[in-house]
Amino acid sequence: MRITLISIGSRMPAWIEDGFREYSRRLVQDVRLELVEVPLGRRHKDTDISRQQTKEATQMLAAIGKGDLVIAMDVIGKLWSTKQLADKMTGWLRSGCDISLLVGGPEGLPRGSDDNVDFRWSLSPLTLPHTLVRIVIAEQIYRAWSILHGHPYHK
């Protein structure tokens, strides 16, 4: 199964890239975690944010794989425990589907990018920096995978 994290923003600090890479590297066998970065448009005081977000939404939608199950990361989404994520992962693996996870930029998901999502997942009722969310998602996917494989990482 391929899980693609489609995230707005590029040129992340090294510790963000290292964290994501570390957890994706740990996933072996049946799950592959990939990152697709959609460049964040420049924001100035005179920037039309709506126009920028429309452009970003178009790029996000283009990155979704054909037939992928689409999950939008959204503060108003459902909260899943790690165990629930592991259960969902079991179903995804059995169905043979690939997953696209959408992560918005500083203003959240661009309007239009989340119109045809299958699920809305919230990591927390807290507002988290979109850069940090990459690592949190990668770690939780690895943790769920470790539960499914009896790996000692999750105790």
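Numbers here mean position along the shown chain, with the first residue as 1.
Just so it is clear, glycine is given a Cβ too, placed from its N, Cα and C backbone atoms.
Neighbour list (Leu126 (S-adenosyl-L-methionine binding site), Cβ cut-off 8 Å, at least 6 residues apart, same chain): empty. Secondary structure at Leu126 (S-adenosyl-L-methionine binding site), taken from DSSP and collapsed to helix, strand or coil, is coil. Look at TrEMBL and you will find Gly104, Leu123, Ser124, Pro125, Leu126, Thr127, Leu128 tagged as S-adenosyl-L-methionine binding site.
For the binding-site residues listed here (Leu123, Leu128), the lowest count of other CB atoms within 10 A around the CB belongs to Leu128. Counting other Cβ atoms within 10 Å of each Cβ, the binding-site residues Gly104, Pro125 show the lowest value at Pro125. Less than 8 angstroms from the CB of Ser124 (S-adenosyl-L-methionine binding site) sit Val75, Leu79, each of them six or more residues away in the same chain.
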